[in-house]
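One structure is given below, encoded as structure tokens.
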Amino acid sequence: MATVGQIIFFTLVTLNVLLAAFIILILTLAFSKSTSKVVSSNTKPVANLGEDQILSCYVSAESQPNRLGEVSVSWEKTDLGTVYRYENRAPALDGQASAFKGRAQVFPDAVAIGNASLLLRSVRSSDEGEYTCTIRSSVAHGTVSIQLRTAVFSVPTLKFSNSILTSEASSWFPKPDVTWLNQTGNELNANTSFTERSPGIYSLLSTLQSAKVSETYSCRIENSLVVAVTEATISGSGVLGRTFFTFSVASTQLVSFYLNIITSVLCMFYVV
């Protein structure tokens, strides 16, 4: 039979466990309400230098009302400070980092319905780094971090003549590797040359010998950030090609490395 002291001891332990569980529940609910509202469709985008880039930031659909009322948006870059701010239905650009003047904007109509995505024009290598997007309103608020990476990549052009299939790309950075495959997935022997057009940026010319009419070949151009796979089908009058881009995603605690298709750029061209 348990003594009075043992009963008191077990009662106190039980109360402590229940109290701890209650506190954890309250903190979990509070945390989810305050931080799970704002998300990004791509937290590790790869931008093509010199081109425009959208950095995605929006209120998640499950927590988003039709309109958010008065909304304020703040974009910051870790090493430079303010990239762009939007308050009281207008840009608020006092204190904006000089590197982003005239190069950054949000879209007011989109902001009103919870989309604070940032348009960054003419991306530079110095734009690479960590950004934070914060959305605040009376019904939703939160912050999401985005790691922007930069590269240079271009769609290759194809030519076919005298049983020789060539793939030529004007600019790539970092310097890529090139692989040719036949339609059954076997690697083929090919010759590839590189020309450094500017520091670190390369053009390439890759040549596949003994290519056959009516066959389909794949030219894979790949570096640490970008993979371009061009499927080339040879006809009697030229080459029909299409190119798909995929972009690497940095490792996490759960996945060491994987490729995520952020966008598939389908480029159709016909060479006579």
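Placed from the backbone N, Cα and C atoms, the Cβ positions cover glycine too.
On a predicted model such as this, the values are computed, not experimentally measured, just so you know.
Quick look at what TrEMBL annotates:
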TRANSMEM  6-31  transmembrane segment
DOMAIN    36-145  domain 'Ig-like'
DOMAIN    165-235  domain 'Ig-like'
TRANSMEM  244-271  transmembrane segment
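Taken residue by residue, the domain 'Ig-like' (165-235) breaks down under DSSP into 0 helix, 49 strand, 22 coil.
According to DSSP, the domain 'Ig-like' (36-145) comprises 13 helix, 44 strand, 53 coil.
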